[in-house]
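Engineer: Mind looking over this structure? Questions follow.
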2 protein chains.
Amino acid sequence: MDCDGVLWRGKTIIPGVVETLNLLRNMGKRLIFVTNNSTKTRALIQKKIQSFGIQCNQEEIFGSAYAAAVYLKSINFNKHVYVVGEESIASEMKDLGIKYRGVSEHAYIPKSVDEVADSLNPDPEVEAVVCGLDSRVSYPKIAYAHYYLTKNKNCVFLATNTDSYLPVHGKTLPGAGSIVSSLRTSTGREPIVLGKPAITLMELIIKSTGINPSRTCMVGDRLDTDILFGNEGGLKYTLLVLTGVVHEWSQDQTIIPSHIIPSLGDIASFFKAHL
Amino acid sequence: MDCDGVLWRGKTIIPGVVETLNLLRNMGKRLIFVTNNSTKTRALIQKKIQSFGIQCNQEEIFGSAYAAAVYLKSINFNKHVYVVGEESIASEMKDLGIKYRGVSEHAYIPKSVDEVADSLNPDPEVEAVVCGLDSRVSYPKIAYAHYYLTKNKNCVFLATNTDSYLPVHGKTLPGAGSIVSSLRTSTGREPIVLGKPAITLMELIIKSTGINPSRTCMVGDRLDTDILFGNEGGLKYTLLVLTGVVHEWSQDQTIIPSHIIPSLGDIASFFKAHL
């Protein structure tokens with residue numbers, strides 16, 4: 001299931017959600033929390049989920065920073081990865097024993113384009129680039145990533161997600177997809193995407209957790225990420241809740257969930273009333 | 001005519017070019033130098049052209065930073081423009097009396113995404129965004145530009161050019177198009193482009209200089225910028241020289257110049273030999 005818009009909205013838990021999740025656990029269902037946010041490690045996401053009174057352990061969480069590290073591990077990557085992204089990505093790489101560069105390196109060093117060219121000092125061990133949301137993105141960082149991706153056609157190119165923008169404190173800011181676009185344009189290369197709705201993420205989750213797609217339901221509040229992810233990822237069910245991005249269901253949608261309910265909290269109320 | 005690859009290569013003038021340009025001037029032909037480089041003002045471009053011994057005055061130069069300022073002037077823009085780009089753009093705006101923000105503002109301030117959202121302090125007078133190559137591009141800069149472009153659907157969106165990469169000192173670096181892509185992705189908006197091969201630039205040059213398209217030839221070394229620019233811009237002739245990007249002419253091209261010569265310098269030699 002998705003988190004923001006499904007479990008909580010901003011800083012407020014959605015009524016009945018804690019009860020619903022406890023009920024599902026008591027029925028023996030497994031829960032997996034999937035988020036495109038690459039600026040938080042699994043530990044931080046867990047802390048946030050628990051802060052709302054929701055039970056959750058780290059193995060149940062798939063953030064896109066973690067997914068990038070799991071992907072590299074899955075292809076037995078043993079070189080260095082250059083990270084255009086935040087500490088969270090570095091931290092997930094470190095946890096899985098993957099060596100990285102970038103992150104706080106090459107950020108905010110004021111240089112002219114000529115100076116950037118002259119000062120490029122590439123690491124010959126870098127054979128992968130991961131790009132996510134990065135509040136300290138800089139021209140030198142993009143230049144390094146561009147160098148690695150164009151110099152070596154086999155250099156792995158990962159994007160944590162391609163969300164074009166994201167809501168923060170009532171404003172919208174450029175998303176990871178905005179930064180990924182810079183590299184896509186300058187290099188002409190397409191990344192492997194590790195956020196919803198990318199199929200690669202679903203394959204990774206199925207492989208890592210051993211869930212059975214024919215007995216799994218994706219719960220989300222967005223059609224173009226969550227519901228598409230479940231539908232195209234081959235899950236048996238997709239459940240749209242109307243507590244987030246989609247407030248009202250209209251028939252003229254092209255992405256169709258198998259089920260729709262007003263709120264995830266309704267499941268607990270339903271059981272309380274009928275059983 | 002284009003400059004790099006046509007008049008010079010790196011730091012070396014192409015043989016015969018100075019004589020050819022002098023000859024054309026003596027025949028009463030007007031010369032206009034058109035470059036997509038937005039990191040240099042007309043004054044700096046003039047200095048560079050003159051450093052090779054080529055006669056040239058500022059009115060003959062169309063750099064894309066200058067073109068952006070001329071465009072705003074042509075629509076009687078009298079608000080503020082937010083610049084994601086270098087001092088050159090600021091300088092051309094200043095020269096035409098256009099008020100600007102950005103440039104060195106909001107560069108290299110290390111903030112988290114949350115802090116960027118909270119510290120956004122938009123200027124209500126901004127009603128245009130210009131995006132060019134910017135060695136000090138930062139997440140806050142992109143966030144400001146994103147804000148202006150999404151908050152106000154009438155906010156003018158200009159790109160100095162959309163070159164995806166550029167060669168610098170034997171390396172390739174991300175071009176202005178790479179930075180423009182970030183904003184295009186995050187805002188879903190398409191910019192008005194003021195670099196070759198954009199038709200808007202041709203219209204601006206014709207309007208500003210009063211040249212007659214049916215008596216004008218575009219000289220360049222690249223098919224997808226220079227020659228396409230002349231062809232689609234409605235010029236009578238396009239002349240490809242083989243001293244730059246295209247070294248050899250092959251028949252399977254889709255963009256066809258009206259004339260091809262090995263080097264612009266050949267014109268002087270031809271006249272010397274035959275007249």
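Cβ from N, Cα, C; glycine included.
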Engineer: Can you tell which of B:ASP163, B:ASP221, B:ASP224, B:ASP252 TrEMBL lists as binding Mg(2+) with B:ASP2, B:ASP4?
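Structural biologist: Of the residues offered, the record points to B:ASP221.
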Engineer: In which DSSP state, out of helix, strand and coil, do we find B:ASP4 (active site, proton donor)?
Structural biologist: strand
Engineer: Should any of the recorded positions B:ASP2, B:ASP4, B:LYS196 have a Cα within 10 Å of the Cα of B:ASP221 (Mg(2+) binding site), which are they?
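Structural biologist: Of B:ASP2, B:ASP4, B:LYS196, within range: B:ASP2, B:ASP4.
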Engineer: Other than its own, how many Cβ atoms are within 10 Å of the Cβ belonging to B:ASP221 (Mg(2+) binding site)?
Structural biologist: 26
Engineer: Identify, in sequence order, the residues in the chain of B:ASP2 (active site, nucleophile) that are 6 or more apart from it along the sequence and have a CB within less than 8 Å of its CB; answer 'none' if there are none.
Structural biologist: B:PHE33, B:VAL34, B:THR35, B:LYS196, B:VAL219, B:GLY220, B:ASP221, B:ARG222, B:THR225, B:ASP226, B:GLY244
Engineer: Restricting to the chain of B:ASP4 (active site, proton donor) and a gap of 6 or more, list residues whose Cβ falls under 8 Å of its Cβ, or answer none.
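Structural biologist: Those within reach of B:ASP4 (active site, proton donor), by Cβ under 8 Å and sequence separation of 6 or more, are B:THR35, B:ASP221, B:GLY244.
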